[in-house]
Amino acid sequence: MEKNATLLTEFVLTGLSHQPLWNIPLFLVFLVIYLITIVGNVSLITLIWTDPHLHIPMYLFLGSLAFVDTSISSIVVPKMLLNFFGKSKVITLSECMAQFFLFNISATTECFLLAAMAYDRYVAICKPLLYPVVMTNGLCVWLIALSFVAGIIHALIHEGFLLRLTFCNSNMIHNFYCDIISLLKISCTDTSLNYLIVFIFSGSIQVFTISTILVSYTIILFTILKKKSAKGIKKAFSTCGAHLLSVSLYYGPLLFMYVHPASSEVDDQDMIDSLFYTVIIPVLNPIIYSLRNKQVIDSLAKFLKRNV
């Protein structure tokens, strides 16, 4: 680092658009999406919390996923909305680190929750008689807690290695929130160790959770194909379809960000991918899991009947 270099304590989030003309339309679009996200996920959590019939592992996992999706959206979107009308779009170093830390906890937790949900479906479909014994509420709560603990540990590791960095080359973050790759790009400290940590820990989490999901659903697929009952096959596919769609939507952009070559030309693509799993997926998940779920729809009907 140069002796006369000025250490930066504030950054500028470039955001989604450099055209002021687009600020109001984009603000309105993302405000509506955010409100739908909050209402949808909080409603799902409320239904699961208040209806004793939904106090089973499948819905406890779903409620936890809704909580994490709400967190991801709330960590990123409010600041993004403010920046549509902010002249400077500044975020301090401490705010940036806090945002990344909380986002990392939520994103990592979601990975482990999706893997746990895949295991839950595996036991339910492949070992239905043992399901009440194997997948108890106690085990479910333990898996949920473990997912959050893993998220916190993962975030602490990255945060610890980020704190050793200094920033003096540029204060422009080419994104709408503070993500680790954007921060590493503008550091004037050697970031080789940080990239290695990202590769080892984030890569291991992706490999472990995706492998768990793939193995679970491969076994589920073979089990379904062995079923002679058309009704049983339809029910099994209906049960797993929502989760598979959610997994595909979440891991697709995430994996693409890891495999494409690094260059300045892909900054916009990175931003689109980030937008997908920080804004779009949190609003889609409650819709995906609720629209074709009879128990959730019935519970909603009862709730509205009691309270409206």
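Note that the numbers count up from 1, one per residue, in the order the chain is shown.
Placed from the backbone N, Cα and C atoms, the Cβ positions cover glycine too.
Under the heading disulfide bond, Swiss-Prot lists Cys96-Cys188, citing sequence analysis as support. Cys188 (disulfide bond) falls within neither a helix nor a strand when secondary structure is assigned with DSSP, and so counts as coil.
The annotation N-linked glycosylation site is assigned in Swiss-Prot to Asn4 on the grounds of sequence analysis.
Residues annotated as topological domain 'Extracellular' in Swiss-Prot, with sequence analysis given as evidence: 1-27 (among others). Confidence over the topological domain 'Extracellular' (1-27), given as mean pLDDT on the 0 to 100 scale, stands at 74.
Summarising the annotation, Swiss-Prot assigns topological domain 'Cytoplasmic' to 49-55 (among others).
In the topological domain 'Extracellular' (77-92), helix, strand and coil residues by DSSP number 7 helix, 3 strand, 6 coil. Taken from Swiss-Prot, the feature topological domain 'Extracellular' applies to 77-92 (among others).
For 114-143 (among others), the entry in Swiss-Prot reads topological domain 'Cytoplasmic', with the evidence type sequence analysis. The list of residues near the topological domain 'Cytoplasmic' (114-143) in space but at least 6 beyond its ends in sequence, with Cβ under 8 angstroms from a Cβ of it, reads 55-58, 60-62, 65, 208-209, 212-213, 216-217, 219-220, 223-224, 236, 239-240, 243, 246-247, 250.
Positions annotated as topological domain 'Extracellular' by Swiss-Prot, on the basis of sequence analysis: 165-197 (among others). Taking H, G and I as helix, E and B as strand and the rest as coil, DSSP gives the topological domain 'Extracellular' (165-197) the counts 12 helix, 2 strand, 19 coil.
Taken from Swiss-Prot, the feature topological domain 'Cytoplasmic' applies to 219-238 (among others), supported by sequence analysis.
Positions annotated as topological domain 'Extracellular' by Swiss-Prot: 260-270 (among others).
For the topological domain 'Cytoplasmic' (292-308), DSSP puts the residue distribution at 14 helix, 0 strand, 3 coil. If you look up Swiss-Prot, you'll see 292-308 (among others) marked as topological domain 'Cytoplasmic', on the strength of sequence analysis.
Per Swiss-Prot, the feature transmembrane segment maps to 28-48 (among others). Same-chain neighbours of the transmembrane segment (28-48): 54-55, 59-60, 62-63, 66-67, 69-70, 73-74, 77-78, 80-81, 279-280, 282-283, 285-287, 289-290, 296, 299-300, 303, counting only residues six or more beyond its ends whose CB sits under 8 Å from a CB of the stretch.
Summarising the annotation, Swiss-Prot assigns transmembrane segment to 56-76 (among others) and lists sequence analysis as the type of evidence. Beyond the ends of the transmembrane segment (56-76), by six or more residues, the same chain brings 34, 37-38, 40-42, 44-45, 48-49, 99, 102-103, 106-107, 109-110, 113-114, 116-117, 120, 124, 135-137, 139-141, 143-144, 147, 176-177, 277-279, 281-283, 285-286, 289, 295-296 to within a C-beta distance below 8 angstroms of the stretch.
If you look up Swiss-Prot, you'll see 93-113 (among others) marked as transmembrane segment.
Beyond its flanks by at least six residues, the transmembrane segment (144-164) meets 60-61, 64, 97, 100-102, 104-109, 112-113, 116, 180, 183, 189, 193-194, 197-198, 201-202, 205 of its own chain at Cβ-Cβ distances under 8 Å. If you look up Swiss-Prot, you'll see 144-164 (among others) marked as transmembrane segment, on the strength of sequence analysis.
Per Swiss-Prot, the feature transmembrane segment maps to 198-218 (among others); the stated evidence is sequence analysis.
Feature annotation from Swiss-Prot assigns transmembrane segment to 239-259 (among others).
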Query raised in the report: Which bits of the chain, at least 6 residues beyond where the topological domain 'Extracellular' (165-197) starts or stops, bring a Cβ under 8 A of a Cβ in it?
Result: 1-2, 5-8, 10-16, 75-76, 79-80, 83, 91, 93, 95-97, 99-100, 103-104, 157-158, 257, 267, 270-271, 274-275, 278
Query raised in the report: Would you say which of the disulfide-bonded residues Cys96, Cys188 has the most Cβ atoms within 10 Å of its own Cβ?
Result: Cys96
Query raised in the report: What else in the chain is close to the transmembrane segment (271-291), if you only count residues 6 or more beyond its ends and a Cβ gap under 8 Å?
Result: 16, 30, 33-34, 36-37, 40-41, 43-44, 62, 65-66, 69-70, 72-73, 76-77, 103, 107, 174-177, 179, 242-243, 245-246, 249-250, 253-254, 256-257, 297, 300
Query raised in the report: In terms of Cβ proximity under 8 Å, which residues at least six beyond the ends of the topological domain 'Cytoplasmic' (292-308) contact it?
Result: 43-44, 46-47, 50-51, 53-54, 59, 238, 241-242
Report task. Using a Cβ-Cβ cut-off of under 8 Å, list the residues of the same chain that are 6+ residues beyond the ends of the topological domain 'Cytoplasmic' (49-55) and lie near it. Result -> 63, 137, 295-296, 299, 302-303
Query raised in the report: Sequence-remote contacts (6 or more beyond its ends) of the topological domain 'Extracellular' (77-92), Cβ cut-off under 8 Å?
Result: 9-16, 23-24, 26-27, 30-31, 33-34, 37, 99, 173, 176-178, 278-279
